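Participant: Below is the structure I would like to discuss, written out as structure tokens.
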Amino acid sequence: MLRVALAQVRLNARRFIAVSLAVIIAVVFLTATLIINSSSKASLAQSVGHGFRHADLVLSPDDPYGQNGEPDILDQTAVDAVADAEGVAGTYALRSAYAVFGEGRNRNYGQVRSLPESAPLLPVDLVEGNLPAAEAEVLLDEVTAERLELEPGAVLPLETQPEPESDTEADAGLPPLTELTVTGLVTASDDPTLMGGAQLYAADATVARLGEPEQGFTNLQIALTDDADTAAAAAALQQALTDAGVAGVTVRTAAEEVDRTMAGFTGGEDQLTVILLAFAAVALLVCALVVSNTFSVLVAQRTRELALLRCIGAGRAQIRRSVIVEALVVGVVSSVIGVLLAVGLMAGIIAYLQTVPEAGFATLAVGPGAVAAGLAAGILLTVLAALVPARAATAVAPLAALRPAEDLRVGSRRGRIRLGIGLVFLAGGALLLGVGAVMANLLIALPGGILSFIGVLMCATLFVPPLVRAVGALAAPLGVPGKLAAVNAVRNPQRTSATSSALLIGVTLVAMMMSGAAMARTAFNDTLAQEFPVDVSVEQGMDSGEPYTDADVQKVLALDGVDQAVLLAPGGAVDVDGSDWTVYVLDPADGSVLQDQGLVPADGTISMPQGTKAKTVTVRGAVAQVELDVVVSGNPYFDPLISPATAEQIGGALAPVIGEPAAQPQLWLGVEDGLGTNQLMDLRSELSAVLDVEDYYIDGSAIQRAAFEQVINVLLLVVTGLLGVAVVIALVGVANTLSLSVLERTRESSLLRALGLTRAQLRGMLALEAVLIAGVAALLGCVLGVVYGWLGAQSALGAFAAVVPVVPWLQLIAVLSVALVAGLLASVLPARRAARLSPVEGLAAD
């Protein structure tokens, strides 16, 4: 039987192409996910390890985050205890401080690290200039130097002039550091704690004056002599620390310190891998459905052949094993191809990343676990999915050679059991999902959603064929091809349900994410409208120079996308919970800039932040004070507003208190309707440039909405792409089912041709059949996706905001259209094969 099984695979290899493609896609997804996990860890290790690349041992605190989040450090005692120990060739006591240099919008943030006493321990390479020879001299990384167009000899003015950081400095009469001089350029470190800002290196005394010397050192890197044994040296240094009375400090190898640092970054968890594996599990599930359905069709087509084998002496076990061997061969070949493709794909991605300067530390790591998991998953999935068809192959009695095996129907005993279990899952899951939505508890809703969807899949035979039949009635006006397509699509209800279920899974999840994202977007926008009074607000930056004027208003109005710009001047002060808040003046003529027109201040009233309980408050001005009626906003940080007449009545803003900054005007903007996310983010950058203010002084509902839209759009794109893998596999299943159905109906198709059906009509019939199956699955998936998306959004967001059902019609229409077109394309090859066969040859086929 082994030779028979292998011969079947060779002779009917074409029938297994689609199965192999489905398995390959699933294995590529799973293996690539695991390689991403191992490669990200290797890349992080490469990045973290850059800071220790010349060290043999590292001495660091056991708890780098200390008590109450305060970092533990090394003091000079620990450094002195090991500095002169036997086998130590050099040490690097790492001290760090932070500096802001430059002026205005050209300010730059950077970390300044101390230089090692032993030059070989410097983790970066000098590429130009010289090492610092005096205080206030630094090395600068070449990336920052190129960005700022700096060369050795450049002077970096410090933003502040700090007072002496210690009594020693004060007693010595050391002046505060006001500038740093660049003496040389070094390669940029890949250390993640340094990335994102300028990287500077200076003598320890300079770093101490920039920071707080009493904080000590972050770690101590140690280089050993060539003849030193690393393990023995670590033990000896640990003992030296104990003898010196130093506790809470451990000597580790550089590799151990890298692992420890990585654990601190990741928290010991791999959330990204878990998320990707969840999507891989969906792809594997869909693949299992495709494989099982394909082998069911293949077994049904070979009913006579298998029964005849039984007649000539083959036992049930031998028949079952032959089917499993076929699945095993397909699984092995497909899994090997899938693993190789995954490795090649990830190698290409890593090679590209290594060409990007910011990701040069990217490292490909293909662990044996990833390869083994990919192979095992593909092989086991294929074999396990073929078990039920293999069992069905032995259910045919030898004398039933001329009668095909019956499919599992709802009316059969197994069908009734399956339907009963499915209904229990559906009802129980729906109950949990509803309770979770009402209570706004995702932990209750999530298992309910999973159980109910499993119930839907188990009950698919009950409702999918009737739906296909009902939709198929719409094809009747197309004549004989349309009527035949509707009949053929439900000829085998079990097969139709299995094929539709595979596509149903992917489409439902895609539609759920689209609907959930649309509802989350609406809820977020409604919340923003309550919490932010205007589209965009621009506060006066601390270092922005002169207060905003009408000239700034004109500059802003000239920008694309700005519909309205209002300058709000301080007009007084009011007590809010024991502290003075600046009151701003808003002319009712400019009130349209506000989201809530009810907050436009009338004479004798003041608009106050959320939480104000008083019915009236006293507003103080330069010459008088007045009691005003309170109108409360929905924003706890809303700036109090009064009318120009009220401001004139109290004489305008109070004189600033000596030693405290004066209240500054701010700009409120209204933007044009329909601005997209990219346009709003571009507007924010333009405002920053025109008003010479940092981005974080620019806020408002439009800005927050744009930022949220960016996040939600990226997440939706990623999730849709990941779920798209499952949809592709399912569409492969549609093509495969149709292809096998064409082979199964060869004589029937040829008879139709002989009776007058043209090639074009035959192709049209098969195309309609595929479109019916794909269309019904996609339509049902869109409906279920909207329902699950709404209940899921209510469960996740209901406690924070009102969730209003929203149907993303355009996106769902796009999903439905893609499914219909894909179903049509899936029919091209099977239809072409069927139409190419002459009626005479087809009628002669067995």
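A Cβ is built for glycine as well, from the same backbone N, Cα and C atoms used for every other residue.
Just lifted these from TrEMBL, have a look:
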- 16-36: transmembrane segment (TRANSMEM)
- 21-239: domain 'MacB-like periplasmic core' (DOMAIN)
- 274-300: transmembrane segment (TRANSMEM)
- 278-394: domain 'ABC3 transporter permease C-terminal' (DOMAIN)
- 323-353: transmembrane segment (TRANSMEM)
- 365-388: transmembrane segment (TRANSMEM)
- 419-444: transmembrane segment (TRANSMEM)
- 450-480: transmembrane segment (TRANSMEM)
- 501-520: transmembrane segment (TRANSMEM)
- 714-743: transmembrane segment (TRANSMEM)
- 722-839: domain 'ABC3 transporter permease C-terminal' (DOMAIN)
- 764-789: transmembrane segment (TRANSMEM)
- 809-829: transmembrane segment (TRANSMEM)
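If you look at the structure here, what lies around each of the features I listed?
Facilitator: Computed over the domain 'ABC3 transporter permease C-terminal' (278-394), the whole-number mean pLDDT of the model equals 80.
Long-range contacts of the transmembrane segment (323-353) within the same chain, counting only residues at least 6 positions beyond its ends with a Cβ under 8 Å from a Cβ of the stretch, are 1-2, 5-6, 8-9, 16, 19-21, 23-32, 35-36, 39, 291, 295, 299, 359, 362-364, 366, 371, 374-375, 377-383, 385-387, 389-390, 393.
Beyond the ends of the transmembrane segment (419-444), by six or more residues, the same chain brings 410, 450-459, 461-462, 788, 791-792, 794-799 to within a C-beta distance below 8 angstroms of the stretch.
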Participant: Restricting to the same chain and to residues at least six past its boundaries, which positions have a Cβ under 8 Å from a Cβ of the transmembrane segment (450-480)?
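Facilitator: Contacts of the transmembrane segment (450-480) (Cβ under 8 Å, skipping residues fewer than 6 from its ends): 408-410, 415, 418-419, 421-430, 432-433, 486-487, 489-490, 493-494, 496-498, 500-501, 504-505, 508, 757, 761, 764-765, 768, 772-773, 775-777, 779-780, 784, 788.
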Participant: Applying the under-8 angstroms CB criterion, which one of 365-388, 714-743, 764-789, 809-829 scores highest with the transmembrane segment (501-520)?
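Facilitator: Per the Cβ under 8 Å count, 764-789.
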Participant: For the transmembrane segment (365-388), what are the same-chain contacts with Cβ under 8 Å, counting residues 6+ beyond its ends?
Facilitator: 19, 23, 26-27, 30-31, 34-35, 37-39, 41-42, 284, 287-289, 291-292, 295-296, 323-324, 326-328, 330-332, 334-336, 338-339, 342-343, 346
Participant: Take the transmembrane segment (714-743) and find every residue of the same chain, 6 or more past its ends, with a Cβ under 8 Å from one of its Cβ atoms.
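Facilitator: Same-chain contacts beyond the ends: 15, 18-19, 21-22, 25-26, 29, 276, 279, 282-283, 285-287, 289-290, 293-294, 297-298, 301, 488, 495, 499, 502-507, 509-510, 513-514, 517, 749, 766, 769-770, 773-774, 777, 819, 822-823, 826-827, 829-831, 833-834.
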Participant: Counting only residues 6 or more past its boundaries, what in the same chain has a CB within less than 8 Å of a CB in the transmembrane segment (809-829)?
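Facilitator: Contacts of the transmembrane segment (809-829) (Cβ under 8 Å, skipping residues fewer than 6 from its ends): 503, 507, 510-511, 514-515, 518, 727, 731-732, 734-735, 738-739, 763, 766-767, 769-771, 773-775, 777-779, 781-782, 785-786.
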Participant: Can you count helix, strand and coil residues in the domain 'ABC3 transporter permease C-terminal' (278-394) using DSSP?
Facilitator: 99 helix, 0 strand, 18 coil
